[in-house]
Amino acid sequence: METISYSMARLAALVPYPPRDANKYTRGRLVCAVGCDRYPGAAVLGSRGAEVMGAGYTQVITDASVADHVRAANPSVVVSVWPDVDPAQLPPAREGHPCAYVVGSGYDAGDSMTKIRTRLVLENAQAPVLLDAGSLDAATSQKLRDILERRAHDGFANVFTPHGGEAARMARPLGIETDDAPELARQLARAYCGTVMLKGPVTYVCDGETVVRMDEGTAALAKAGTGDVLAGMTGALLAQGLSPLDACVLGATLHAFAGQEAAKRLTDICVRAEDVIASIPQALMRLAQAG
Ligand SMILES: NC(=O)C1=CN([C@@H]2O[C@H](COP(=O)(O)OP(=O)(O)OC[C@H]3O[C@@H](n4cnc5c(N)ncnc54)[C@H](OP(=O)(O)O)[C@@H]3O)[C@@H](O)[C@H]2O)[C@@H](O)CC1
Ligand SMILES: Nc1ncnc2c1ncn2[C@@H]1O[C@H](COP(=O)(O)OP(=O)(O)O)[C@@H](O)[C@H]1O
């Protein structure tokens, strides 16, 4: 199996700078079904990462207890609360009005609502869906794998962003046993009918065919919440119309650059997930110079 890397020029060409006549909807809408009582911070971090990464209209659907945290931290994000959401009204992606979804950041794998909400999004979102955190565990059920297969058949992208522990939990029920990270990413991508970003000190992205290696990361990123930021950033790139493979590779690279830029100011010790978001502009400038 061949593993490739994207050149800086290729990555720079993917950055979705808005055209002069853009409006917030043409730039792309990202709907984030994220956060729960236990993990409100994941909803704040993911939605803020998405806005800074360029989504034109960022929405959060979450628990009532989380909604006010998100509103207070990110007033530009549009927040709705679960019982008020009509699944049939979830916005679709359409020509000129791209849209994508993130589901699962800040979901508890052991909470019964996690499977229900993940299924609701996968069944109703006529758009790319990125599954993160608790939704990755939910995706192991036969019912959800059937829905993932049907979505892929209907042309709707599924994207998965597991860390090593989550990837192992996705692999186990399917009898996938390899310890080789790029091979694991490839087998998971095929088994779950989508694109897998297997995160770690080196991150591998695979759409079932091509495996892309991204080794720009820094141990400064090994801190709670940085994965929630990455899910929001990558979701924002999907929402701006990038393909799943390109969105994952560009998202992971800019996240890594942002971690490095934050560490230059703050040291590897002090960087927090919030600082990674604050450094996305420097990451973009660095990519523009390198490309
Ligand atoms: N501020 C907030 O609201 C935040 C909210 N968050 C939310 O918390 C939820 C739970 O997410 P989670 O990642 O903490 O726990 P979970 O998925 O159960 O796995 C943890 C176990 O897996 C294992 N493990 C193996 N390899 C690993 C690796 N490479 N990286 C990490 N772990 C690895 C490891 O076990 P070990 O191998 O060390 O025994 C470990 O015990 C989720 O919804 C997330 O969005 C967080 O983002 C933090 C900020
Ligand atoms: N040692 C490391 N070197 C480079 N990147 C790392 C390292 N440790 C973690 N990361 C990156 O930090 C992020 C952590 O994501 P995740 O484990 O999902 O965190 P959380 O669930 O707390 O948000 C991933 O993008 C991962 O690639």
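Glycine is no exception: its Cβ is also placed from the backbone N, Cα and C atoms.
Per TrEMBL, the features are:
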- Ala42, Gly106, His163, Asp228: (6S)-NADPHX binding site (BINDING)
- Lys199, Gly200, Pro201, Val202, Thr203, Gly227: AMP binding site (BINDING)
- 7-287: domain 'YjeF C-terminal' (DOMAIN)
Going by C-beta under 8 A and a gap of 6 or more residues, the same-chain neighbours of Gly227 (AMP binding site) are Ser105, Asp132, Ala133, Thr161, His163, Lys199
Near ligand 1 by the Cβ criterion (under 6 Å), the binding-site residues from His163, Lys199, Thr203 are His163
Rounded Cα distance in angstrom between Gly106 ((6S)-NADPHX binding site) and Val202 (AMP binding site) is 23
The predicted model's mean pLDDT over the domain 'YjeF C-terminal' (7-287) is 97
Same-chain shell around AMP excluding Lys199, Gly200, Pro201, Val202, Thr203, Gly227, C-beta within 8 angstroms of the CB centroid, reads His163, Gly164, Leu198, Gly217, Ala252
Apart from the site residues Ala42, Gly106, His163, Asp228, the 8 Å Cβ neighbourhood of the (6S)-NADPHX centroid comprises Val34, Tyr39, Leu45, Gly46, Gly104, Ser105, Asp132, Ala133, Gly225, Gly227, Ala231
Expected list for ligand 2 (Cβ under 6 angstroms, binding-site residues Ala42, Lys199, Thr203, Gly227) reads Lys199, Thr203, Gly227
